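J.: Reproduced below are the annotations present in TrEMBL:
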- 46-71: transmembrane segment (TRANSMEM)
- 91-112: transmembrane segment (TRANSMEM)
- 124-141: transmembrane segment (TRANSMEM)
- 150-170: transmembrane segment (TRANSMEM)
- 182-203: transmembrane segment (TRANSMEM)
- 234-255: transmembrane segment (TRANSMEM)
- 279-300: transmembrane segment (TRANSMEM)
- 312-331: transmembrane segment (TRANSMEM)
- 337-358: transmembrane segment (TRANSMEM)
Amino acid sequence: MAWSKKQIIFALTMVVTGSINTLSTKWADNIESEGSDGQVRRFEHPFVQACAMFLGEFLCLLTFKAIYYHLRRKNNGAENRHDLVQGNREFNPFILFVPAMCDMLATSIMYVGLNLTYPSSFQLLRGSVIIFVAILSVAFLNRTLVKREWFGIAFIMLGLVVVGMSDVISNDNTSSQYTRNNVITGDLLIILAQIITAVQMVYEEYYVTALNIPALQAVGWEGKLLHHVKSFPWFFGFSVLGTLLLPMYFIHVMYPFNSNAHGVLEDLPDALAQLANNYQLIIAICGMIVSIAFFNFSGISVTKEISATTRMVLDSVRTLVVWMVSLLLVWQKFHYLQLIGFAGLLFGMCLYNDIFVLQTYRRVRVALLLRIGRQSADGMSEVIINRQADEPDR
C-alpha cells in the first residue's frame, strides 16, 4: 500500500534528523578538551550524552503544550482536529514509564559501545533490531511471519556476522584505540541495546496504537513527567539517569570504561569542565538535543501511522548516510567486508518488508515471459506465412 504524504514526511524527517543526531554524537566523542584535572582528552561521557538525549525529548512535550494551548484559544475545536495534537490526551503517563526506561538503558549502552568500536560497526549493528522486533511482535502482537520474512531475517543475521568478522579481521594493531577486546565488547553492547530498543518499540506500538496518544505528547512524557508532588516536577528518563550520575561518580571502573579525570563510571564534573573549555562540544551537544527531539517525534509518529518494523527499517536507512559522511570526514577506514555486510542487511530488510526485491523479481520475470512469448509468437507467425497451403504435414 502506498504511503500518504504525511507518512512520507514523517519518514524523511526521521532519516535526516536521525543522521544528524548520530553524527553530532560521534563529533562530540572525537572532540578533545581540557578536563577537570587539567589534562586534554576526548569527550567520552556516554551517560551525560544520554541525559542530553532525554532533554531533547522533553522539548517535544513543550512543543505539544504550546501548539495545544494555541489551538485551544481559538474556541473552535481545532485542538481536536490538528494532526500534531489530536488523539487521546487523557491517559496515565506512567504507561510510558517502561519505554522511557528502555530508552534510557538502550541509549546509554549504545553510547558506551560507540566509544569502544568503530562508528561504521555502531551503525551497521543497529540493524539487528529488526530481528528482535520481529520476534517480539510474534510473541506479543500476535503476528505471523511468512517465509519471505524469515528469509529476510536470515540475510540480516548473515550481514551482522560479516560485520563482526570485519571488525576482528581488520583489527591487527593492538596499540590502536580500538583493540580487539574493546571492539568485540562494544559490538556486543550495541546488540544488547538493540534487544532493549525492540522491547521499547513493540511496547510503544501496542499502547500508542491502542490508546491513540498524540506522538508529541508521548515522546515528551518519556523524557519528562510532570507529576505535582509538593510542586516538584518529576522526570522519567532524565531524572532517573540524572540521579544515577551521582553514584556513578563514586564507582571506580577498569579500562576501557574509565576514560575520565577520576577513572569512574561517569565523571559529571569532568564533563562539565570539558564543555566549558571547548565551544565545539556545546554545539555538538545542542545538535544532539535538537535533532533527537525531531527524530523521536517522527519515529513515534511512524510507529503510530505505519508500524514498528517500518520504523526500524527507516532507522537503519540512516546507516548509509552516517557511514558515508564518516568516511568523507576520515573518522574511520573503509573495509570491503563492511560493504558486504551492509548489502546483506539492506537486502534482508527489503525482503522482510516486501520492498523492491520481490517487486523487481516479478517485473523481470514478467518481462522475460513476455519476451519469450513474443518470440514464440513471431516464430509461429513466420511458419504460417511461409508455408504453402497445399503442403503436406511433415
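Each residue, glycine too, has its Cβ placed from N, Cα and C.
Curation does not apply to TrEMBL; its annotations are automatic.
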J.: Flag the pair the transmembrane segment (46-71) / the transmembrane segment (150-170) as in contact if three or more Cβ pairs fall under 8 Å (sequence separation 6 or more).
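T.: No, the transmembrane segment (46-71) does not contact the transmembrane segment (150-170).
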J.: Counting Cβ pairs under 8 Å to the transmembrane segment (150-170), which of 124-141, 279-300, 337-358 comes out on top?
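T.: That would be 337-358.
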J.: Do any residues of this chain, six or more beyond the ends of the transmembrane segment (337-358), have a C-beta under 8 angstroms from a C-beta of it, and if so which?
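T.: Residues 120-121, 124, 127, 130, 134, 148-149, 151-163, 165-166, 169-170, 309-310, 313, 316, 319-320, 323.
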J.: Counting only residues 6 or more past its boundaries, what in the same chain has a CB within less than 8 Å of a CB in the transmembrane segment (279-300)?
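T.: The answer is 10-11, 13-14, 17-18, 20-21, 24-25, 27-28, 31, 33, 43, 49, 52-53, 55-57, 59-60, 63, 204, 208, 215-216, 218-219, 222, 311, 314-315.
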